[in-house]
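Peer 1: What TrEMBL records for this protein is below:
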REPEAT    44-78  repeat 'PPR'
REPEAT    79-113  repeat 'PPR'
DOMAIN    118-296  domain 'PROP1-like PPR'
REPEAT    149-183  repeat 'PPR'
REPEAT    184-218  repeat 'PPR'
REPEAT    219-253  repeat 'PPR'
REPEAT    254-288  repeat 'PPR'
REPEAT    289-323  repeat 'PPR'
REPEAT    324-358  repeat 'PPR'
REPEAT    359-393  repeat 'PPR'
REPEAT    394-428  repeat 'PPR'
REPEAT    429-463  repeat 'PPR'
REPEAT    464-498  repeat 'PPR'
Amino acid sequence: MRGLGIEPTTYAFTSLLHAYTIARDMKGAVACFNQMVEEHVEPTVATYCILISGFAKIRDTECAEYWFQELKNKGLRLNVIVYNAILHAHCKAGSMNRAEALLAEMENEGISLRVETFETMLDGYATTRDETKCLDLFQKMKEAALKPTMYGYGSLINLYTKTGKMTKALEITTMMEAAGVPQNKLTYTMLIKGYVQKDDCASGFAVFEDMLKAGLKPDVITYNVLIAAFCKTKQLERAIGILRRMHKEGVNYTPESFTIIMDAFVKADQLNMATKMLDDMRKAGCPPSRVTYNVLIGGLVQKGQVDKASAMIDQMVLAGIPPDERTYTVIMEGYAHKGEVGTAFEYFKKLKQDGLKADTLTYGALLKGCCKAGRMQSALAVTKEMASAGLSRNIYIYSILLDGWAQRGDVWEASDVMQQMRDDDIMPDVHAYTTFINACCKSGNMEKARETIEEMEKVGIKPNLLTYTTMIKGWASASFPEQAFECFEQMKREGLEPDYVLYSCLLHCLLSRASVAKDTVKSYILTVAEEMSSKGLCVDLDTAVRWEKFLHRAELYPGELTKAVGKVFPPAWISKSQRKESALQAA
């Protein structure tokens, strides 16, 4: 234009600025605006409105609000389009108090509300799952003689599918049809997703069939929801079949299409298939995303293949995808679990070198490593650095610290952590109390453990199965089988059902005392063994061998105890006397 001697006008600059916002390049858009001002080209309401809308699209509410205020300061008359743009920003962010204030401002300024205004607010209330305000606004819209569009009805459907109220969602579709507003791909997809989230995949597939009958061609979003449905029902071959169908119908894949299936393979403990999906993804011309790599890295870490997971980061970098906080945190957790705290700290340094900000989960990974290695002073140093980063300790962090002191059996330090929690107005939960009880048990302070149970009951926190299992282990270690059995009985009175671990722990405790206190523990052993047997529970071979030794010391010849406990031995179990007899016969 300048080469032809034509100076750019407001319209030209605004059009260029609009192009930047469409590309979601808001830095370029702001630079364009600044150049416009430098060249003394006056921005209009439309210019500001495009900037506000651009920041709304990338969900940067703060910047959208800044440009809205700049526009107001200019003294230009605001119209409904501007207000709709800033409303959109706040509704997408769920800032409904500010959105309501803006709506009131519009009414005070005498600006007539359009259908889009109401439907933007409806979408905001649906996002925040405020059914009452959503329905009130929908009614107000109809009273204003404004006819809702598919977007308005879709917001209601979105609300009900997110909250699992599928019957009401279907009622909205009936209302739509009665008003002459046909369903589209988006509304059908929301219904399918709603059913999938409720684990009713059959109904979701039925909606998909209805969608096809209505002559609507599924898009990638719909197909991704179907893939998720098949993965949820563990029909992974059918999920892969959807990928083939997408290719056949010319629907372009997204990284999510493959990542959903890869995540399902990881959860099914089929890492080879998950890795194969990564190769298939590349062959299909669909570049893996950061989420894709994080899913694989997480799977490798869960399988203990931390070094392979670390090598996957190199692949990410070569593919031009820098690791994020999640990537580093998962790797750090893997090395921390292996006890390689030094390596975990190395990745923590890399995270900071990459300009990433460590969050609570990141610091939690370091803490786990320090606590597992018994390096509690290092753990305390991590919490100090966390505080200097402006992150407060939550119950997750406190629980890790408690577990670290519990592993060392340090009741005093664990007690101090519990007090720090209360000082920070964090109420210890059942997990925190159980961990503290474990510290008491490891130190042999069973009186303190008993007092903690009483404290839990006073503050309204009920002990769970793990709490009682911890107590029983504590009484067993302290050689108090009677108290262990009483704890078992108390647990049942509380309505909790014992599991295999608890039964095994208790019976091991009782059998270990059978040779020195047979008269005391005999009835307890018979009771527990009978309960285990009636539930079809069997111990493994190693446990059976250990328990046979206890029984042999308690009964010189197999008697009542041996017969009772023998019922929970493995079906293939051969007793010591039978093994001797077989050996003699063989000789």
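Positions of Cβ are set from backbone N, Cα and C atoms, glycine also.
Surface or core, plus neighbours and distances: that's what I need for these features.
Peer 2: Residues of the same chain lying 6 or more positions beyond the ends of the repeat 'PPR' (44-78) and with a Cβ under 8 Å from any Cβ of it are 10, 13-14, 17-18, 20-21, 24, 26, 29-30, 33, 36, 85-86, 88-90, 92-93, 95, 109, 111.
Taking Cβ pairs closer than 8 Å, the repeat 'PPR' (79-113) reaches residues 45, 48-49, 52-53, 55-56, 59-61, 64-65, 68, 71, 120-121, 123-125, 127-128, 130, 133, 144, 146 in its own chain, all 6 or more past its ends.
As a whole-number mean, the pLDDT of the repeat 'PPR' (149-183) in this prediction is 91.
Long-range contacts of the repeat 'PPR' (219-253) within the same chain: residues 185-186, 188-189, 192-193, 196, 199, 201, 204-205, 208, 211, 260-261, 263-265, 268, 273, 281, 284, 286, each at least 6 residues beyond the stretch ends and with a Cβ under 8 Å from a Cβ of the stretch.
Beyond its flanks by at least six residues, the repeat 'PPR' (254-288) meets 220, 223-224, 227-228, 231, 234, 236, 239-240, 243, 246-247, 295-296, 298-300, 302-303, 305, 319, 321 of its own chain at Cβ-Cβ distances under 8 Å.
Away from its own ends, the repeat 'PPR' (289-323) comes close to residues 255-256, 258-259, 262-263, 265-266, 269, 271, 274-275, 278, 281, 330-331, 333-335, 337-338, 340, 354 of its chain (Cβ-Cβ under 8 Å, at least six residues beyond either end).
Distant neighbours of the repeat 'PPR' (324-358): 290, 293-294, 297-298, 300-301, 304, 306, 309-310, 313, 316, 365-366, 368-370, 372-373, 375, 378, 386, 389, 391; these residues of the same chain sit at least 6 beyond its ends, with a Cβ under 8 Å from one of its Cβ atoms.
For the repeat 'PPR' (359-393), same-chain residues at least 6 beyond its ends with a Cβ under 8 Å from one of its own Cβ atoms are 325, 328-329, 332-333, 335-337, 339-341, 344-345, 348, 351, 400-401, 403-405, 407-408, 413, 420, 424, 426.
For the repeat 'PPR' (394-428), residue counts in helix, strand and coil come to 26 helix, 0 strand, 9 coil, using DSSP.
Here the repeat 'PPR' (429-463) is broken down by DSSP into helix, strand and coil counts: 27 helix, 0 strand, 8 coil.
For the repeat 'PPR' (464-498), same-chain residues at least 6 beyond its ends with a Cβ under 8 Å from one of its own Cβ atoms are 430, 433-434, 437-438, 440-442, 444, 446, 449, 453, 456, 505-506, 508-510, 512-513, 517, 520-521, 524, 528, 531.
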